[in-house]
Amino acid sequence: MYTLWIIIVPLLPFLKSIPTSYFVFGRILDRPLTNCFNVYLYLLISPYTVEREDMAKGSYEKAIVSLQNLLRFGPSEKEELKPVVAERIDEITTELQTTGCNSFDPVQRIKTGFYYFKTEIYDKNPELFEKLKKGQEPKFLVFACSDSRVSPSHVLNFQLGEAFMLRNIANMVPPYDKTKYSGVGAVIEYAVVHLKVENILVIGHSACGGIKALMELPEDGSESTDFIEDWVKIGLPAKAKVLAEHGDKTFKEQVKYCEKEAVNVSLANLLTYPFVSDALVNKTLALKGGYYDFMKGRFELWGLNFGLSDPCYI
């Protein structure tokens, strides 16, 4: 549904005498037109539904029809009013055409996105896609945040078939729980047991809204959301550690510390999955933590082998 309000102000003082019957499409708001020189005329075109592809064309053409009805006056009034209305018709037509051209079209974005992928990637890499048709052999299982600014495929240049991924709020891995977290458990089990990934990478990032929500959780346990607060509580051990070790820091600094510490909590939670701990013991799997600072364009990486290793900075 698209609701279009066209506001014309001011036209001419004698518009006070315009009866609503002159308007075939639209109406004057239910208020008397006074003798005030500035008369505000509202034309309401609402509500009507058009296909997105016809939005620009349909809306301004209907607006023009409504405005052209203003020309239905007596000879003298018509001649005085015609130049003003004609000018407004031109202005509104241009404005609506421009708006229609510049507005975001999700369907077109999807089409152009796939066209680029098809012509520049799919068609130019036949060997890769022939291989992918037979199956996948990713080396990584990646946990990353749903934040649109931190896609691992872009940040780490993962190619198709390289990484099995799960993205969620604050890149959290919950502890083993077949009832509450079966969705996450299924991803981990499939990646480790069936795909036999060699690495699990959990990536945190700067300015994480989920971690900020974790640090803002009220002490009384009250909640204002249906899912978010309950989900980020997975990171409560990270919050407790940050407050204990960095209680004198500003809230912003504490959030930054927690963005990294929450990654460690997720790495520890991975150890609660039997197939993960077994693979670690058998040295067929390694756990790694990462932190992407998109403010500075830096990436920090560290490992976990039943104990955190020193980080390296990239």
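A Cβ is built for glycine as well, from the same backbone N, Cα and C atoms used for every other residue.
Nobody curates TrEMBL annotations by hand; they come from automatic prediction.
These numbers come from a predicted model, not from an experiment.
So that you can see what the record holds, here are the features copied from TrEMBL:
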SIGNAL    1-17  signal peptide
BINDING   Cys145, Asp147, His205, Cys208  Zn(2+) binding site
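With the fewest other Cβ atoms inside 10 Å of its Cβ, the least crowded of the binding-site residues Asp147, Cys208 in this structure is Asp147. Under 8 Å, Cβ to Cβ, and six or more positions away along its own chain, Cys145 (Zn(2+) binding site) finds Arg167, Asn168, Ile169, Ala170, Asn171, Ile203, Gly204, His205, Cys208, Gly210. Within 8 A of the CB centroid of the Zn(2+) site residues Cys145, Asp147, His205, Cys208, the other residues of that chain are Ala144, Ser146, Arg149, Val150, Ala170, Asn171, Gly204, Ser206, Ala207, Gly209, Gly210, Ile211, Glu259, Tyr292.
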